[in-house]
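**Student:** Below are the features listed in TrEMBL for this protein:
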DOMAIN    B:26-140  domain 'PurM-like N-terminal'
BINDING   B:D28, B:D75, B:D238  Mg(2+) 3 binding site
BINDING   B:D28, B:T44, B:D75  Mg(2+) 4 binding site
BINDING   B:T45, B:D46, B:D123  Mg(2+) 1 binding site
BINDING   B:D46, B:D75  Mg(2+) 2 binding site
BINDING   B:H53, B:E288, B:F332  substrate binding site
BINDING   B:Y105, B:G122, B:D123, B:R148, B:S240  ATP binding site
BINDING   B:D241  Mg(2+) 5 binding site
Protein chains: 2
Amino acid sequence: MTETIKNLGEQGLLKIFRQYCSEVVGDDAAPMGGTLTEHQMVVTTDMLVDGVHFSDRTTSPEDVGWRAAAVNLSDLAAMGAKPWGVVMSVGLPSDTTVAWIEGVYRGFSECLRTYGTELVGGDTVRSPIRTLSVTAFGQVPQNQIIQRHTARVGDAIVMTGLHGLSKAGLELLLHENLQEKLLANLKIGNCILSGKALEQAICRYHQRPTPRFDAIALLHKLLKQHNHLKDFPISGMDSSDGLADAIAQICRASQVGAKIFWRSLPIHRAIRILAGDRALDWVLYGGEDFELVLCMPFKLAEPFVHQLPNSAIIGEIIEGNQIDGLEMRSAFQHFAT
Amino acid sequence: MTETIKNLGEQGLLKIFRQYCSEVVGDDAAPMGGTLTEHQMVVTTDMLVDGVHFSDRTTSPEDVGWRAAAVNLSDLAAMGAKPWGVVMSVGLPSDTTVAWIEGVYRGFSECLRTYGTELVGGDTVRSPIRTLSVTAFGQVPQNQIIQRHTARVGDAIVMTGLHGLSKAGLELLLHENLQEKLLANLKIGNCILSGKALEQAICRYHQRPTPRFDAIALLHKLLKQHNHLKDFPISGMDSSDGLADAIAQICRASQVGAKIFWRSLPIHRAIRILAGDRALDWVLYGGEDFELVLCMPFKLAEPFVHQLPNSAIIGEIIEGNQIDGLEMRSAFQHFAT
């Protein structure tokens, strides 16, 4: 018989939780190590609900856990912060299998470890629907917070990686016929990766997003080289709700417009194959790529994209409130359906 | 027509959220003011689910919000920490009324304001079940964290207030015949409060629990007077899962036993009326009183209970692992039903 949370009981569930938790859980709150001298704390929180933000159909429990961590860590990276600690509460129906929640904790911890942080506390409750709620704290040196309201006319708009691949991964996981379409079309072309390996790599974009702390580290290196640590001419956010949404939000918050370099906007070949006429739509509105969209002077942006693979300068901040050709709709309207 | 979240849309919901949120919400994470010099951060998180932790039958939306805040703040108080900031994520079905979620935010903010803190961020998502997930951070001077594993033989066991009243309040809200029973019995006796006022006061114990920061402030005053700030001879936790559970957990974590002063254990007259033979059960296992159970030397405990109304010394920490006469079962087994 498959073991469920109901058989396990609360104490059993707590035992599993503790295996993945750094602190001696047992007090009412978890003490956090470290101090904040000359640093500021930032905090972010996300709730993930079964059937809304994840599904057994497309996501293994390990990937659900990884994503729950990565989504929050990406928010910290987007602020220029280093992760300091994370808490996760889970709401579970009694018939949830133990294997599922263990998988979630495993993937969650794996992601935290990869980016140098850990689970410091949490809560486990009964709920009719599987729900994960994650809060992550980070620290960032005073005056080096990346925010979205400080973009300036003349800044380059930089994206740290390709967009549309998370959407492509989701579509591949949902529709078998697309897998065939991809493989058939790749055979015609000249591909370094085998078709199957490419397909898996694309699915991983959806299942295992990568918080871009590497891009922040490179940024700090360049800011130091260019003596820009004090004035810190960087603004931006992550592209969790889509590339178009990120550009639009930065422009709105900074009261500026943007010119997009449409010809320089990279579109992965697999997206052209899978999406056909809608390739640009996937890139702009696909969402959940968890790249960073950063605005900075061109003289910083050029060495930045030179040193960061798959990054690109995709536009420029201009006066006004227009974004040329970009449809100003949000990719996700969570309550519309 | 009653306005629902579906009519309102995500942007509309965010607008409501922002009214109650201190920071300019809009970045990926919220910056936190203040620094931690010579303080340690503690963090606590709780998830509350409709039908499990609250119900329209017994709790108004304002009270749901208050409780969601109070439960977390109580955990901070139990660690000896002062609140620093709070985030709340909400998961809502599309047919949730706007009035409900506004009421929740209103009660939530009211509680935060009362205890000198504020909402600094959050998330709003679609979910089939109304779910609130709160994470609260606090700060506590280095070496003055109250934990449950440091109780020492010879310590007095102190409770900061009466127990069983939250259970009494819940029962009064659920069963009309109990209201009549309470009123009828009070008429015979000699009561200062009118029966109806007493009934409402008891219901409020359930609906609006009070984090005991006042008890912590008094404790620090006495520690200073007695030159105990450095060795800090205090252990304890809150009694959210019941008085018996708190004593048992402290004993287990500290590897000690306890002797309970059964004759000194105060039981409110209304509990005797409502619970009859089961009055002691309500006091020990009722749960959700959110008082503090603290262990400390008698010479501190005595002035402490003298200065804190309704507090009492209810036992003593002894050697061994037995708690005399106390059934070592937890009041809540969240996944048992």
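Every residue gets a Cβ built from N, Cα and C, even glycine.
What you see is a predicted model, and the numbers here were worked out from it, not measured in a lab.
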**Student:** Give the distance between the Cα atoms of B:D75 (Mg(2+) 3 binding site) and B:Y105 (ATP binding site), rounded to the nearest whole Å.
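**Tutor:** Here the two Cα atoms lie 20 Å apart.
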**Student:** What are the helix, strand and coil residue counts for the domain 'PurM-like N-terminal' (B:26-140) according to DSSP?
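**Tutor:** Split by secondary structure, the domain 'PurM-like N-terminal' (B:26-140) comes out as 35 helix, 46 strand, 34 coil.
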**Student:** Sort out the sequence-distant neighbours of B:D46 (Mg(2+) 1 binding site) for me: same chain, 6+ apart, CB within less than 8 Å of its CB, listed by position.
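**Tutor:** Looking at Cβ-Cβ distances below 8 Å from B:D46 (Mg(2+) 1 binding site), excluding near sequence neighbours, one finds B:A68, B:V71, B:N72, B:D75, B:S133, B:V134.
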**Student:** Compute the average pLDDT of the predicted model within the domain 'PurM-like N-terminal' (B:26-140).
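**Tutor:** Mean pLDDT across the domain 'PurM-like N-terminal' (B:26-140) comes out at 88.
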**Student:** According to DSSP, which of helix, strand or coil covers B:D238 (Mg(2+) 3 binding site)?
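**Tutor:** Strand, per DSSP.
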**Student:** What binding-site residues from B:H53, B:D123, B:R148, B:D238, B:D241, B:E288 have a chain A Cβ less than 8 Å from their own Cβ?
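**Tutor:** Answer, by Cβ distance to chain A: B:H53, B:D123, B:R148, B:D238.
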**Student:** Please work out the number of neighbouring Cβ atoms within 10 Å of the Cβ of B:E288 (substrate binding site), leaving out its own Cβ.
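**Tutor:** The Cβ of B:E288 (substrate binding site) has 23 Cβ neighbours within 10 Å.
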**Student:** Want to know which binding-site residues, from B:T45, B:G122, B:E288, are within 10 Å of B:D238 (Mg(2+) 3 binding site) at Cα; which are they?
**Tutor:** B:E288
**Student:** Using a 10 Å cut-off, grab the number of neighbouring Cβ atoms around the Cβ of B:D123 (Mg(2+) 1 binding site), all chains included.
**Tutor:** 22
**Student:** In Å, how large is the greatest distance between any two Cα atoms among B:Y105, B:G122, B:D123, B:R148, B:S240, the listed binders of ATP?
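**Tutor:** Site span for ATP, by Cα atoms: 32 Å.
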**Student:** Sorry to bug you, but what's the C-alpha spacing from B:S240 (ATP binding site) to B:T44 (Mg(2+) 4 binding site), rounded to the closest Å?
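**Tutor:** Computed Cα spacing between B:T44 (Mg(2+) 4 binding site) and B:S240 (ATP binding site) is 14 Å.
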**Student:** Which one is closest to B:T45 (Mg(2+) 1 binding site) in space, judged by CA to CA distance, out of the binding-site residues B:Y105, B:G122, B:D241, B:E288?
**Tutor:** B:G122
**Student:** Would you mind listing, in sequence order, the residues at least six apart from B:S240 (ATP binding site) in the same chain with a Cβ closer than 8 Å to its Cβ?
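**Tutor:** In sequence order, B:V71, B:S74, B:D75, B:G287, B:E288, B:D289, B:F290 meet the Cβ cut-off.
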**Student:** Report, in whole Å, the straight Cα-to-Cα distance of B:R148 (ATP binding site) from B:H53 (substrate binding site).
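**Tutor:** Just about 25 Å between their Cα atoms.
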